[in-house]
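Below you'll find the structure, written out as C-alpha cells, and then a few comments.
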Amino acid sequence: MNKNSSNMMALAPNTSNKRETVCIFGTGDFGRALGHKMIQSGYPVVYGSRSTQISNLIPKDAEVLSHAEAAQKAAIIIIAIQRQHYNFLTPLAEVLRGKVLVDISNNLKLNQYPESNAEYLAQLLPGSKVVKAFNTVSAWALQSGTLDASRQVFVCGDDVEAKQMVMNIVRALGLTPLDKGSLLAAQEIENYPLQLFPMWRFPIFLSLGLTAFFFLYCVALDIIYTYIYENNNFSFFIAITIPNRVCPVMALVLLALVYVPGIFAAIIQLYRGTKYRRFPDWLDKWMLCRKQLGLIALAFASLHAVFTLVTPMRAFVSWRTGKGIISQALNNKTEPLDHTNAWLSDSYLALGILGFFLFVLLGITSLPSVSNNVNWREFRFVQSKLGYLALILCTAHTLVYGGKWFLSPSAYKWYLPNIYILSLIVPCAVLVVKFVLIFPCIDKPLTQIRQGWERNPKYSE
C-alpha cells in the first residue's frame with residue numbers, strides 16, 4: 001500500500017521548482033546523451049544498469065544503480081534498450097507497476113514486428129503506463145546541441161496524465177512535443193525515422209526520368225544528327241551546352257507540374273458539383289508533393305543561371321566570336337546592329353531574370369521559418385498568384401528565346417521538334433486552362449463549391 005501510494009504521489013503534478021528524478025534503463029549512446037541533456041535541464045538522473053560501476057562515459061552527476069533500485073527512485077523510467085532485450089523487465093513487473101515507461105526504441109526496417117515496440121512493452125508490463133517518445137531525436141543531436149533539424153518529438157500513449165508528464169520533460173529539454181494520440185500511433189511513430197525522404201521519392205524519380213529523356217533527346221538532335229548529316233563533331237556539347245538546355249526545360253516543366261494538380265482538382269470539383277468527395281489517390285499524392293517539385297525546379301533554374309554565366313568563358317564561344325571578327329575583317333565589312341535581334345535578346349534575358357527572382361521568392365517562402373511568419377492568405381498569394389506570374393514569365397522567356405525555331409524547317413531534325421518547343425507544351429496548357437477557369441461564369445460556381453455549396457447534396461460523402 002505504501003509503495004503504491006508513493007508511486008501515485010510521484011505521478012502527481014510537481015508544483016515545486018525542483019525537477020522530479022528520472023530513471024534511465026540503458027547506458028548506451030542515446031541513454032547517456034539523453035541523461036546528460038536532462039541533467040543540464042535540472043533533472044536528477046539515475047541509471048539502471050547490469051553493472052553498477054561508474055564509467056567515465058556516464059554523466060558525472062548521474063547515479064548508477066541496479067535496475068530494481070533505480071526504478072524505485074523515480075516515477076518516470078526511460079527504456080533506452082532494444083526490443084530484443086525487453087524480457088529482463090518481466091521480473092521487475094511489480095517494481096514497475098504504476099510507473100511511466102517511456103519507450104524510445106526504433107527498429108531496423110519498416111513494420112519489422114506485427115505490433116509496435118511500445119505496444120509490445122505494454123503487453124509485457126500491463127501494470128505500467130507506457131508512452132512512446134524521443135525515438136525521432138538522435139544521440140548526436142542531443143550531445144552536440146544541434147537540435148534545429150530534429151526539435152519535434154512525437155508522443156503517444158493511452159494514459160493522458162503519463163503522456164503529459166513526458167511532454168513536460170520534452171519541453172524542459174528545449175524540444176517541441178507533438179501529441180499523436182493513443183499508443184496505436186506508436187507503429188507510425190516508429191516507422192517515421194526509417195523513412196528516407198518519403199515525400200521526395202516521386203518528385204526525384206520523375207525529375208530523373210524527365211532529365212534522362214531530355215538529355216538523350218538533345219544528344220540525338222545536337223550531336224548524333226550533326227555528326228551523321230553535317231560531319232561535325234560536337235560531342236563536347238555534353239559538358240555545358242546540353243545541360244544548359246536541359247536545366248531550363250526541366251525548371252519550366254516541373255514548375256508547370258506544380259500547378260497541374262490544382263487545375264485537375266478544380267475541374268473535378270466543377271464536374272462533381274461538390275467539394276465533399278475525396279480526390280483520386282494519385283491526385284492526393286501529387287498535391288502533397290508540390291513543394292518538393294517546386295524546390296527541384298528551383299534547383300534546375302539555379303543550375304541554368306550558373307551555366308549561362310560561364311558561357312562566355314567557353315573555348316567554343318571564343319572561337320565562334322573570333323571567327324566572326326576575322327570574317328568581317330577579311331571581307332572589309334562591318335555587319336550593322338540588328339535591332340530586332342537586340343530587342344529579342346534583351347527581352348528574353350529580362351524575362352529570365354524576373355522569372356528567376358520570383359522562383360527564388362517562392363523557394364524562400366516555402367521554408368518553415370518563413371511560412372510560419374505569414375498568414376494563410378499571404379502564403380497563398382505568394383505561392384499561387386506570384387507562382388503563376390513566375391510561370392508566365394518563364395514561359396515567355398522560353399517563347400522569346402525559342403520562338404525563332406517554331407516555323408523554321410531546319411529546326412525539325414528527323415522531323416522532331418526542338419527541345420524548347422517540347423518544354424512549352426505543359427506550361428502553355430496549364431496557363432490556357434487557368435485562364436479559362438478565371439472567367440466569371442466558371443470562377444463563381446467554383447468558388448461557391450469550395451465554400452460548401454453542392455449541386456446535388458444527396459451525392460456528397
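Backbone N, Cα and C define each Cβ position, glycine as well.
The domain 'Pyrroline-5-carboxylate reductase catalytic N-terminal' annotation in TrEMBL covers 21-107. The feature domain 'Ferric oxidoreductase' is assigned by TrEMBL to 249-394. Annotation comment: TrEMBL describes 204-229, 249-271, 292-310, 347-365, 386-407, 419-442 as transmembrane segment.
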*Stretch with greatest number of CB pairs under 8 Å, the transmembrane segment (249-271) reference, 204-229, 347-365, 386-407, 419-442 candidates*: 419-442
*Apart from its near flanks, which chain residues at least 6 from the ends of the transmembrane segment (204-229) lie with a Cβ under 8 angstroms of it?*
197, 235, 237-238, 241-243, 245-246, 249-250, 253-254, 257, 292-293, 296, 300, 413-414, 416, 418-419, 422
_I need to check the long-range neighbours of the transmembrane segment (419-442): which residues 6 or more away from its ends have a CB within less than 8 Å of a CB in the stretch?_
214, 217-218, 221, 245-246, 248-249, 252-253, 255-257, 259-260, 263, 266-267, 270, 388, 391-392, 394-395, 398-399, 401-402, 405-406, 411
*What is the average pLDDT across the domain 'Ferric oxidoreductase' (249-394)?*
87
*With DSSP as the yardstick, break the domain 'Pyrroline-5-carboxylate reductase catalytic N-terminal' (21-107) down into helix, strand and coil residue counts.*
28 helix, 19 strand, 40 coil
_When secondary structure is assigned with DSSP, how many helix, strand and coil residues does the domain 'Ferric oxidoreductase' (249-394) contain?_
123 helix, 0 strand, 23 coil
